[in-house]
């Protein structure tokens, strides 16, 4: 499923109407009917349903929704919050249809009257404002939105909660807090921002007949689903040997954080890596080995347990390298990061490795091997020299700019993990839960990613599948044996097999 900006959605509508020749009234009919049909999953015939409509296409959708529900026997009436002269074009056509079908409309009532109407309703359908909204609402819409949010009614927003910007980079706004949003066509970027996603409540998307040749031609954003995972995960040959499944190297660890590389190595092996070598300080190896018996080990030079960068590492013997987990910020760790960047192997950089990498960013474009960065928002903000709040205002734009500039892959971890390629295409992983908000979760993701990029699939698919396995393992575990409170990163490693058994049982 694609993710779009307001401009992209307008472009699809324009193409369908002006290039293909589909009547705009037909598209509005399709959208309104599809949303009304979806609403039947959460409304009852006994409910008093009030559809609040504004001007423009969103209001027009509201008139179609009201007529469709009325014809199906629901108690649906319209509360038009703008004067009659504001309704025109396709919206006016559908308003007149609603009236001719016996529908009731209350027009341009004062906020005090609307408060009474809402109080007497069971369900409110929000069809006031669409995806073109910018800035703070004017009177009386600001009062109406406040009244809606203060009510105890179940609120269903048509396409987008009124007042909510569709795009990122937003400033101040006031929006309807929906219980559920039924998206027309494709979800908008604001459904995947930490500051705005909650306004949607639960959301689902419905198709309204946009032709394939006007959709997704220029869209570079999508959601990664279980169907994508199943379609792209490579099958394993019966005659394969361990070398076919990848030789991976994990570099990091120190006496204060030995568990980080143990989790990375275990996650890589559990995901399906053929061979994993852990490179760390000699006195750290026994601790790691006691938790990861299947790995081999390479002792690196250290000073009081912290890596000093004085041991040559045979990077060319490995298919991929993950570096940075528990590596620390000592000078020696920086030397190792520099050597890893100078090699041409597939490289994953995480945690303190990103701190050292910041000084080497310009050299990344000279590498032939792919580079994957796995920052959380704090680390990404550090790389961009900005604050975390500034980053989270426009995470899609900033990560895309960074990935294209330095020709790297970026996995920006968060509530909605954004995977960005050097070409600028972006994928959102929506799986996972708050149980992953624990120390070590990033180390586990690095290990899963290490295993995935060594399999016969594109780097982009590998990263998306890594995020899917990581998040879905947490979901399955909290559905069956754990809660979001007690789930630990090491549990997620043990949950990887549940993802494979659930989605790849016949592979």
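Cβ atoms are placed via backbone N, Cα and C, with glycine included.
Because TrEMBL annotations are produced automatically, they should be read as predictions rather than curated entries.
Noted in TrEMBL for the protein shown:
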BINDING   57-61, 130-136, 159, 326, 376, 443  (6S)-NADPHX binding site
BINDING   58, 126, 162  K(+) binding site
BINDING   413, 414, 415, 416, 417, 442  AMP binding site
DOMAIN    9-216  domain 'YjeF N-terminal'
DOMAIN    225-503  domain 'YjeF C-terminal'
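Distribution of TrEMBL features across the structure.
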{"residue": "57", "record": "(6S)-NADPHX binding site", "DSSP class": "helix"}
{"residue": "126", "record": "K(+) binding site", "DSSP class": "strand"}
{"residue": "133", "record": "(6S)-NADPHX binding site", "DSSP class": "coil"}
{"residue": "162", "record": "K(+) binding site", "DSSP class": "coil"}
{"residue": "413", "record": "AMP binding site", "DSSP class": "coil"}
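Neighbour count (other Cβ atoms within 10 Å of the Cβ, all protein chains): 27 for residue 417 (AMP binding site). For the domain 'YjeF N-terminal' (9-216), the predicted model reports an average pLDDT of 95.
In sequence order, 131, 133 are the binding-site residues from 131, 133, 415 with a C-alpha within 10 Å of the C-alpha of residue 162 (K(+) binding site). In the structure shown, across all protein chains, 61 is the one of the binding-site residues 61, 126, 159 with the greatest number of other Cβ atoms within 10 Å.
Per-site Cβ counts within 10 Å over the binding-site residues 59, 414, 442 peak at 59. In three-state terms derived from DSSP, residue 442 (AMP binding site) belongs to a helical segment. Among the binding-site residues 131, 415, the residue whose Cβ has the fewest other Cβ atoms within 10 Å is 415.
Same-chain neighbours of the AMP site beyond 413, 414, 415, 416, 417, 442, judged by a C-beta within 8 angstroms of the site's C-beta center, are, in sequence order, 376, 377, 412, 418, 429, 432. Secondary structure at residue 376 ((6S)-NADPHX binding site), as computed by DSSP, is coil.
Of all the binding-site residues in the list 58, 61, 133, 159, 376, the shortest Cα-Cα distance to residue 413 (AMP binding site) is found for 376. A gap of 32 Å separates the Cα atoms of residue 57 ((6S)-NADPHX binding site) and residue 417 (AMP binding site).
Distance between Cα atoms for residue 133 ((6S)-NADPHX binding site) and residue 415 (AMP binding site): 25 Å, as a whole number. The number of other CB atoms found within 10 A of the CB of residue 162 (K(+) binding site), across every protein chain shown, is 28. Neighbours of residue 126 (K(+) binding site) among the binding-site residues 59, 135, 159, 376, 414, defined as a Cα within 10 Å of its Cα, are 59, 159.
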